[in-house]
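A.B. asks: Quick one: the structure is below, questions incoming.
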């Protein structure tokens with residue numbers, strides 16, 4: 001019967017092997033302050049080696065910010081002093097008003113039509129007039145609210161702001177007052193994002209404009 005020959009671990013070869021907690025090379029070359037290069041074990045005082053809340057082999061002090069808030073709907077996370085990891089990402093409750101009541105919080109963001117138009121087309125592009133969104137009642141390539149089994153479902157009159165996204169191009173020269181985004185890869189980009197404010201006290205949910213209190 002053949003047998004596998006397993007070489008004994010060699011401390012100092014910069015390979016983490018069985019029985020070693022670390023291996024940073026020979027003592028004169030070691031650049032890892034957490035590792036005892038003579039034993040290939042972590043120093044007894046080491047609390048961590050890496051992580052957003054780890055510095056110089058110790059847990060970062062409690063209260064040090066490790067993940068800044070990305071919007072007014074997000075919550076900044078701080079180290080606990082007991083772990084090398086930043087706490088799980090948390091955010092303000094869905095439906096909380098944001099951006100001076102222009103929107104409502106949704107999963108840490110504040111989705112509004114203007115920001116969606118800007119993200120797709122850049123500067124000088126804004127939310128289109130209400131008349132453009134009326135096209136979403138047609139239920140065709142130009143305008144619809146959602147897809148069911150590949151079929152484009154028209155919007156009810158009260159849901160038109162929750163279908164296809166329409167933007168207004170204010171660039172100099174001839175421009176499109178009912179500009180839409182066309183994507184062969186991701187038709188979700190063509191649509192108003194979930195959680196977007198569609199009327200006072202209402203947000204978009206699955207192609208419907210519903211009361212914010214019942215949406216979440």
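Cβ from N, Cα, C; glycine included.
Heads up, here are the entries from Swiss-Prot:
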- 8-94: domain 'Disintegrin' (DOMAIN)
- 10, 13, 15, 17, 20, 23: Ca(2+) binding site (BINDING)
- 11-40: disulfide bond (DISULFID)
- 22-35: disulfide bond (DISULFID)
- 34-57: disulfide bond (DISULFID)
- 48-54: disulfide bond (DISULFID)
- 53-79: disulfide bond (DISULFID)
- 73-105: disulfide bond (DISULFID)
- 98-110: disulfide bond (DISULFID)
- 117-167: disulfide bond (DISULFID)
- 132-178: disulfide bond (DISULFID)
- 145-155: disulfide bond (DISULFID)
- 162-204: disulfide bond (DISULFID)
- 175: N-linked glycosylation site (CARBOHYD)
- 198-209: disulfide bond (DISULFID)
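For each feature listed, report its degree of burial, its nearest neighbours and the pertinent distances within the displayed model.
C.D. replies: Secondary structure counts, DSSP: the domain 'Disintegrin' (8-94) has 0 helix, 15 strand, 72 coil.
Sequence-distant neighbours of residue 15 (Ca(2+) binding site) (same chain, 6+ apart, CB under 8 A from its CB) are 23.
Here the Cβ of residue 22 (disulfide bond) has 20 other Cβ atoms within 10 Å, regardless of which shown protein chain they belong to.
Remark: residue 57 (disulfide bond) has 33, 34, 42, 43, 45, 46, 47, 48, 49 as non-local neighbours, by Cβ distance under 8 Å and separation of at least 6 in sequence.
Residue 54 (disulfide bond) has a Cβ environment of 19 other Cβ atoms inside 10 Å.
Sequence-distant neighbours of residue 53 (disulfide bond) (same chain, 6+ residues apart, CB-CB distance under 8 A): 59, 60, 64, 66, 79, 80, 83, 84, 85, 86.
Counting every protein chain shown, the number of other Cβ atoms lying within 10 Å of the Cβ of residue 73 (disulfide bond) is 24.
In sequence order, 71, 72, 73, 98, 99, 102, 103, 104 make up the list of same-chain residues 6 or more apart from residue 110 (disulfide bond) whose Cβ falls under 8 Å from its Cβ. Annotation note: residue 110 (disulfide bond) sits in a coil segment as assigned by DSSP.
The secondary structure of residue 117 (disulfide bond), as reduced to three states from DSSP, is helical. In this view, residue 117 (disulfide bond) is surrounded by 22 other Cβ atoms within 10 Å of its Cβ, with every protein chain counted.
Sequence-distant neighbours of residue 132 (disulfide bond) (same chain, 6+ apart, CB under 8 A from its CB) are 166, 168, 177, 178.
Non-local contacts of residue 155 (disulfide bond) by the CB criterion (under 8 A, 6+ apart in sequence, same chain) comprise 136, 137, 139, 143, 144, 145, 162, 163, 207.
In three-state terms derived from DSSP, residue 162 (disulfide bond) belongs to a helical segment.
Under the three-state DSSP scheme, residue 175 (N-linked glycosylation site) falls in the coil class. Shown in sequence order, 169 are the residues of the chain, 6+ apart in sequence, with a C-beta less than 8 angstroms from the C-beta of residue 175 (N-linked glycosylation site).
In the three-state DSSP scheme, residue 209 (disulfide bond) is classed as strand.
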A.B. asks: Tell me, by DSSP, whether residue 145 (disulfide bond) is helix, strand or coil?
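C.D. replies: Once the DSSP labels are grouped into three classes, residue 145 (disulfide bond) ends up as coil.
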A.B. asks: What other residues of the same chain, not counting 10, 13, 15, 17, 20, 23, have a CB atom within 8 A of the CB centroid of the Ca(2+) site?
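C.D. replies: Close Cβ neighbours, site residues excluded: 9, 11, 12, 14, 16, 40.
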A.B. asks: Calculate the per-residue pLDDT averaged over the domain 'Disintegrin' (8-94) and state the result as an integer.
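C.D. replies: Taking every residue of the domain 'Disintegrin' (8-94) together, the mean pLDDT is 96.
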A.B. asks: Pick out which of the disulfide-bonded residues 11, 145, 167, 178 has the most other Cβ atoms within 10 Å of its own Cβ.
C.D. replies: 145
A.B. asks: Given a separation of at least six residues and a C-beta threshold under 8 Å, show me what packs close to residue 40 (disulfide bond) in the same chain.
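C.D. replies: Those within reach of residue 40 (disulfide bond), by Cβ under 8 Å and sequence separation of 6 or more, are 9, 11, 12, 19, 20, 21, 22, 23.
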